[in-house]
Amino acid sequence: RTYSEELLQYARVWIPDPEEVWKSAELLKDYKPGDKVLQLRLEEGKDLEYCLDQKTKELPPLRNPDILVGENDLTALSYLHEPAVLHNLKVRFIDSKLIYTYCGIVLVAINPYEQLPIYGEDIINAYSGQNMGDMDPHIFAVAEEAYKQMARDERNQSIIVSGESGAGKTVSAKYAMRYFATVSGSASEANVEEKVLASNPIMESIGNAKTTRNDNSSRFGKYIEIGFDKRYRIIGANMRTYLLEKSRVVFQAEEERNYHIFYQLCASAALPEFKTLRLGNANYFHYTKQGGSPVIDGVDDAKEMVNTRQACTLLGISDSYQMGIYQILAGILHLGNVEFASRDSDSCIIPPKHEPLTIFCDLMGVEYEEMAHWLCHRKLATATETYIKPISKLHAINARDALAKHIYANLFNWIVDHVNKALHATVKQHSFIGVLDIYGFETFEINSFEQFCINYANEKLQQQFNMHVFKLEQEEYMKEQIPWTLIDFYDNQPCINLIEAKMGILDLLDEECKMPKGSDDTWAQKLYNTHLNKCALFEKPRLSNKAFIIKHFADKVEYQCEGFLEKNKDTVYEEQIKVLKSSKFKLLPELFQDEEKAISPTSATPSGRVPLSRTAVKPAKARPGQASKEHKKTVGHQFRNSLHLLMETLNATTPHYVRCIKPNDFKFPFTFDEKRAVQQLRACGVLETIRISAAGFPSRWTYQEFFSRYRVLMKQRDVLGDRKQTCKNVLEKLILDKDKYQFGKTKIFFRAGQVAYLEKIRADKLRAACIRIQKTIRGWLMRKKYVRMRKAAITIQRYVRGYQARCYANFLRRTRAAITIQKFQRMYVVHKRYQCMRAATIALQALLRGYMARNKYQMMLREHKSIIIQKHVRGWLARVHYHRTLKAIVYLQCCYRRMMAKRELKKLKIEARSVERYKKLHIGLENKIMQLQRKIDEQNKEYKSLMEKLSNLEITYSTETEKLRSDVERLRMSEEEAKNAANRVLSLQEEIAKLRKELHQTQSEKKTIEEWADKYKHETEQASMHMDALHETMEKKLVEETKQLELDLNDERLRYQNLLNEFSRLEERYDDLKDEMNLMVVSGETSEKSKSSQALFTSDQRPGIQERFIDLLQLLIVFTISICSFVPVVGMLLGDRIVPFLQRQELESENKKLKNELNELQKALTETRSPEVTAPGAPAYRVLLDQLTSVSEELEVRKEEVLILRSQLVSQKEAIQPKVNKLADALCGKVTLQSPQDYHMLNEDGELWLVYEGLKQANRLLESQLQSQKKSHENELESLRGEIQSLKEENNRQQQLLAQNLQLPPEARIEASLQHEITRLTNENLDLMEQLEKQDKTVRKLKKQLKVFAKKIGELEVGQMENISPGQIIDEPIRPVNIPRKEKDFQGMLEYKKEDEQKLVKNLILELKPRGVAVNLIPGLPAYILFMCVRHADYLNDDQKVRSLLTSTINGIKKVLKKRGDDFETVSFWLSNTCRFLHCLKQYSGEEGFMKHNTPRQNEHCLTNFDLAEYRQVLSDLAIQIYQQLVRVLENILQPMIVSGMLEHETIQGVSGVKPTGLRKRTSSIADEGTYTLDSIIRQLNSFHSVMCQHGMDPELIKQVVKQMFYIIGAITLNNLLLRKDMCSWSKGMQIRYNVSQLEEWLRDKNLMNSGAKETLEPLIQAAQLLQVKKKTDEDAEAICSMCNALTTAQIVKVLNLYTPVNEFEERVLVSFIRTIQMRLRDRKDSPQLLMDAKHIFPVTFPFNPSSLALETIQIPASLGLGFISRV
């Protein structure tokens, strides 16, 4: 079918959209050729008429079926075009939260702007060793593919990481390097992989900065070559850098920062070592404050500085060189603060004693006057003379900035060189993997020289990419023998020629730079004249004569010519450089040594680095004819050369491509901007890959996959034995156009769209089949339902009718009874109502009468009081009115009199003016005086009379007042009487109410008592029930606490066993280090002296013997402290059976190990002394050797003291023995008879019984003494435990001391560590050994005394019995103290000579073949033989022989396991025998807990002289190590089978069809020859089980091994499921559940269901159920949350995100449903880790399993070669 024929109704297409780039729509009508308009309906329901382009006649691209959306590989899409790619990336990124997608050979990585838990070591382990298509896309998959191809093809590899700034290039490259470092490891213990990773923080600090697009943007490109040896382990690395953005040092745009290192220095300015740099806040310096954003959110610059310094130290950069680097960086900051003052327009000056310049000169070690002079002047040289010319302020500032950039660029190059030296491989490099991290294609509003170089580099990389893709396509077609037709693809060679060819842009630029008066304008004109209208890729802007346009592969870019020449020259004043070269500061001249070499025309740029400026700063022009400038290469020329070298390197390797995409410009997490994504996809070549793939046959299927998928389209007669012919026959019927497909050797190739067509036919066929199945099943179900309903209806009718009849009879009976009840009820109700009404009426009458009487009384009382109040108020009102009236009258009188007086006065004034008046006045004056005298006398009389009246009135008023007061008092008394009467009435009423209340209360109490009685009875019953429930609860709680204690016990066991595992790992590492030291000693003797100029640097960075010894010693010390701190926990777990002998044994072994290490170190240091070490200026090593010698001598002295103490204790024991015997004789002598006559006398009087009683009392006395001695012995043990506790505290103190020592310099650290550790171990060993030996001898002495006393008493009793019998002789000889053993034919012991011990170990352990023993002999025979040898040594009381045999046995087992540790049979055999040996030591130890399982005969074989509890612990630890090794072996055997057998293989054939896959072909799920199936796993499990049973392994231990195996199977299967999108489907869930059921069946067959193995598969079972359950509604979400309790939240969400329908009938999981699950599980507290820990090992226990085998019956076969052993 043609493309137009597929545009039918309901077909879905993509149409362009200005906002979303592409929009999905559905055809409403079939398309017919010639139609100009398409009737479409958008997804939001809007109808649209889409006009077709009549010129191109292009139809809108078709959408892929939903089943193909979200694929891991874009090439798996049936329709390959831009909208399909964009939509697939968006669905994976937004819906599934997947940031990686394959596009053929390219890995597309979208920056999530969020930390994702997909880069842990568990993820690395999951991807390690996997095929690239077998797992979900990941940067680790690309790294693994590169690593695997390097090892398989013996060819170097490259990983090319590109993208915009902020797209995540640096992070991707960092993770790739971390993967190599983790997977490959290093060839030595020099930690090369750590150094490779440590280069990242250094390069980020000096080469990364904050931009508006990215907080940690790399401002340079780098290519890192990671070197590997022949075993493909990292041995070194080398770094090449490109395009350092120097202009950022002197200028930063808004919201941007300078390089991180400057801010780190400013943040650490307060440190003591940085005081001399005189730094401050970043806002103080001009070079760090321009961006206005000195702080990055979430980044602590001080902490980053610590990381940078640690990385420098790890890379071997000494402290002095580090301080030199920081000194130069600080100098650059101070140089930026230098200011200039203008003297005139052409000259400037620096202020005198300018502080920033003074600091700069002090830090750089140059003269202030010279630097100040040459910052303001320049030298001009002519043919005859040399002139010194002042420069303007602007030129001086530009020259200052150019100098700062130049210093920083040289410092950057110097650091890169020294990093490369530190990473340089010491051995020959066999192969390498390169990681290229470089800018992607860039286009801005203003593009200059930097963008030109970047885009030029991307053109070269894109050409290499296109050629590689084209080559891979061609190889694939030729391999499958498909006819090859040339595919037209974009070739960007013309664009590259335009830039780099002869007379190209770079040639013209270099030529213009050589011109004396060359400028940007003249260069632009030359470009126009040379290329305009001659090259189709070169254009001129319409409105500019200073710009040009180049058509790049990604887009057109307009470049501004301004600044090109200056940036290409990159000049700086030579006089300023000379001043710096004359510096007293040693490091500064070194920065410019490489520059002098570069001046030579034959020298190449070191390491391919090209300094490049990114700003339009114009340094002063140098004289064209200057000798040093003639041969200096321009920046463009150097960059072109380095780019050619890079392309040669890449072309010589196999490239792997990672394209980083920036989803949005705002750094929002998981936000997808379609416009920005499309721009980057076009620029990075992803769409070009798609176009090349789509031009041919993009869809490719193997014949088996095609048959598996489309078997439903075939009829039975079409299926032939030949799969290839079957597929050909079917395809010819399904697709008539033979050009749409091609048949290759192993694959079928399809044109674009054909897979979608086949999927449609398959879906239609399945839909028709489903409809037919539904029709039949629904009919059958409805018939079954009808029959069932009819039968049910008849039954219901029968029961309903009977029920109705019974109900009617009951109704009649109830009606009659109800009438009778109603009669009596109504009578009772009426009677009660009458009684209530009568009582209520009487009560109301009483209340109403009382109420009326009280109201009447209150009314009378109120009237009386109101009358009194009225009286007083009216009197007061009358008085007030009177006084007011009187006052008014007086006031009126006064006013009137005043008026009359004024009139009189006026008259008098008139009269007084006349003389006559005066005369008259004088005439009548005397008369008036007389009259006035008379008036005064009259007025006095009136005054007296008024006073008399007033006194009378006062007397009258007082009498009336007294009368009124008496009336008031009387009224008050009457009022109080009334109140008292009222109160009395109220109190009587209250008393009545109280009595009534008491009556009611008494009645209620009576009822309450009755209720209480009932309640008490009920509560008693409830209490008994509660007690029963409480008892059950307590029992449950006890069970839970027991389980918790068991869990704690398992945790402690696991911790202890992990410590043992770590200890064994350290032992192996120590052996490797010892071998390497020997090799280094040999190589050190033949190596030449290093150059003196590099001595200071290399002496610090070379990983010497001393540093490695320090690391080893630190590890041993930490492990020793861990073991010591773990002793009380082990004691708690194992009880009092572990005695301090364990510590003594461990400390003695540690003592021996340390002594051996010290001897080896002394020898190594003596042999590897260098001239620098033996020089008089460095005597540290000789002092160290002297101290080591003295310490070893002290150890020998201490050992001799221990031996002397042992001999003294033995002599004391021998001296005490006669005293004890004498005491026993004395006690026995008190009751010994003197003669036979006395005996007869005593016997006659009955005194013999008294004597016997006396003996019994003596016996009790002895027993009490023994008890007291036992108590004292226990007290001594307690004191010993206290001393052990103090020793642990001492260990903790030593640990703190060690932490302090680690901060010291290496020489002091060696001396202090050795001195402290040797002193501590010596004292501790000697003290513990002395105390424990003393305690051991005391116990033995007490045992012997007890035996002696028992024998004495026995002899005495025998003597008394003989005295009682007169017929016997009493002077029989007394038996000796040591009872001779009764000889038997065989006592279960084996005797061997001391010199045959090594032969015994060799024949029985080292050279024994497990298979022969397991088949022909009894299980555990070596263990029985070894124990019988130990028994004989114990019988001889030979301490040395016992210890020697046990130590040799343990070491022999370790050697065998080290030699043949990968053989499961060997490890299983020795695990079984070690456990049997341990059980024998317990069974025959003589302890009651173990003896109760023995027969009497076996109890006779118990050990008698030695307590081997400490060796039992050592053997237990050895068994734990063997068990862990066994687990690792079976894991290595099972791991390749698990994924293939449990996931990929279709155990139930035909359930799941294979989905279309892309270029990255996954492992076929069809069982081919050589692939593993579930049967392979079960066969391997059977093999493991049979081997363990043959070796006689304990059944409980077998259960633990099986549980561990099932855990590994479940964990690896689940981890792989979580990382594979193609495996998360409904059908795969069914396959997994079937496989798990087969494993459970195996457990049942082997009777191992109670081993706990099934429970370890629970997470896998729940994951399979999660794939199969419904995932739509809230009820489904609730069911999932309750079902998946063994899965973490992250695992549940991951499975739901990865769930992929295999058929169209399945539905995808909605994002809203996943959000619902997350909301419901947000309170669940579980681990955030995604993957299960497949390396986890459960703690192992060894339950005591006594043997019923009698030792005396064991025969030694001759095949073992043990003829030198004899039976005893």
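Think of each number as a place in line: the chain as shown, counted from 1.
Just so it is clear, glycine is given a Cβ too, placed from its N, Cα and C backbone atoms.
Keep in mind it's a predicted model, so treat the numbers as computed, not measured.
Helix, strand and coil counts from DSSP across the domain 'Myosin N-terminal SH3-like' (8-60) read 0 helix, 24 strand, 29 coil. Positions annotated as domain 'Myosin N-terminal SH3-like' by TrEMBL: 8-60.
If you look up TrEMBL, you'll see 69-763 marked as domain 'Myosin motor'.
The Cβ of Glu164 (ATP binding site) lies under 8 Å from the Cβ of Arg213, Gly440, Glu442, Cys660, Lys662, Gln680, each of these being in the same chain and 6 or more residues away along the sequence. According to TrEMBL, the ATP binding site annotation covers Gly163, Glu164, Ser165, Gly166, Ala167, Gly168, Lys169, Thr170.
Sequence annotations record features per position, and here TrEMBL assigns region 'Disordered' to 598-634.
Sequence-distant contacts of the region 'Actin-binding' (643-665) (same chain, six or more residues past either end, CB-CB distance under 8 Å): 89, 93, 103, 105-113, 139, 142, 145-146, 149, 153, 155-164, 166-169, 172, 176, 213, 223, 240, 242, 434, 436, 440, 456-457, 460-461, 464-465, 468, 608, 671-673, 676-677, 680-681, 684-686. Summarising the annotation, TrEMBL assigns region 'Actin-binding' to 643-665.
Residues or ranges marked as coiled coil by TrEMBL: 915-1005 (among others).
According to TrEMBL, the coiled coil annotation covers 1042-1076 (among others).
The coiled coil annotation in TrEMBL covers 1252-1352 (among others).
When pLDDT is averaged over the domain 'Dilute' (1447-1723), the result is 86. Annotated domain 'Dilute' per TrEMBL: 1447-1723, in sequence order.
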**Complete:** The number of other Cβ atoms within 10 Å of the Cβ of Gly166 (ATP binding site), counted over all protein chains shown, is 21
**Request:** Count the Cβ atoms, other than its own, that fall within 10 Å of the Cβ of Ser165 (ATP binding site), considering every protein chain shown.
**Result:** 18
**Message:** With every protein chain in view, what's the tally of Cβ atoms within 10 Å of the Cβ of Ala167 (ATP binding site), excluding that atom itself?
**Reply:** 24
**Per-state residue totals over the region 'Actin-binding' (643-665) - DSSP helix, strand, coil** = 9 helix, 8 strand, 6 coil
**Prompt:** With a radius of 8 angstroms around the mean position of the C-beta atoms of Gly163, Glu164, Ser165, Gly166, Ala167, Gly168, Lys169, Thr170, what other residues of the same chain does the ATP site pick up?
**Reply:** Asn111, Asn214, Ser217, Gly440, Cys660, Lys662
**Request:** Only counting partners 6 or more residues apart, tell me which same-chain residues put their Cβ under 8 Å from the Cβ of Lys169 (ATP binding site).
**Result:** Val161, Ser162, Gly163, Ser218, Asp437, Ile438, Gly440, Cys660
**List of residues, in chain order, with Cβ under 8 A from that of Thr170 (ATP binding site) and at least 6 apart** = Glu204, Asn208, Asn216, Ser218, Asp437
**Request:** Quick one: among the binding-site residues Gly163, Gly168, which has the most Cβ atoms sitting within 10 Å of its own Cβ?
**Result:** Gly163
